[in-house]
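Colleague: The following block contains the structure, expressed as structure tokens.
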Amino acid sequence: MRHKAHPGPDLELECALLRSNRAIKTLCGVDEAGRGPLCGPVVAAAVVLDLDNLPVGLNDSKQLSAKKREQLFEQIYVTSQVGVGEASVAEIDALNILHASMLAMVRAVTALQGRLVVDHALIDGNRVPATLPVPGQAVVKGDAKSLSIAAASIIAKVTRDRIMAELDRDYPHYGWAKSQGYPTQAHLQALALHGVTPHHRRSFKPVKQLLPH
């Protein structure tokens, strides 16, 4: 018997948690954007959805066009509670990208807690940050399973894309508004031609090998 492909994120995880644990009244989804780029911060978001007022068309950010992500970004901010956190390039280089991503997630949940009490977090990926201020559960490929995580993925992605578009204005040779800092051929060529900027991650190999020894 062939298994059907997962139809996309839904509220099964959220509803199961709310049913099984009466101590959980409010839960958030958490995701990050920007682990792979050669430059710019890593950004995380934590989102508590209003289960009775979900944004129409909510899906994993990777399945959406840039225009649809922008539309949903605005809808999520109107209908939901949102916290955003980031880790800087300096923190990425000092900690490594994994630990910097965990730090950004902790900051996002902490920011969200400034708005309301959060009892539980659904974290995209295979680990829960050690210093997360609330109990958490890791969900592998969570942005394709949980609508709360999918919403967080959209907030994190659009927030970071906007940051890279701003940086692109100061450093137009690198094409960051288009590539978001990922190691595209055009970005690598510009890096070799124009050099390393203060926004590049010096611990990442394509950048590190261009630094003076």
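Glycine is no exception: its Cβ is also placed from the backbone N, Cα and C atoms.
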Colleague: Which of Asp119, Asp124, Asp161 shares the divalent metal cation site with Asp31, Glu32 per Swiss-Prot?
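Modeller: As annotated by Swiss-Prot, Asp31, Glu32 share the divalent metal cation site with Asp124, chosen from Asp119, Asp124, Asp161.
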Colleague: Is it possible to get the count of other C-beta atoms within 10 angstroms of the C-beta of Glu32 (divalent metal cation binding site)?
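Modeller: There are 28 such Cβ atoms around Glu32 (divalent metal cation binding site).
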Colleague: Which residues in the same chain, at least 6 apart in sequence, have a Cβ under 8 Å from the Cβ of Asp31 (divalent metal cation binding site)?
Modeller: Ala44, Ala45, Ile123, Asp124, Gly142, Asp143, Ile149, Ala150, Ala152, Ser153, Ala156
Colleague: Excluding Asp31, Glu32, Asp124, please set out which residues of the same chain place their CB within 8 Å of the center of the CB atoms of the divalent metal cation site, keeping sequence order.
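Modeller: Other same-chain residues near the divalent metal cation site: Val30, Ala33, Ala44, Ala45, Ser101, Met105, Ile123, Gly125, Gly142, Asp143, Ile149, Ala152, Ser153, Ala156.
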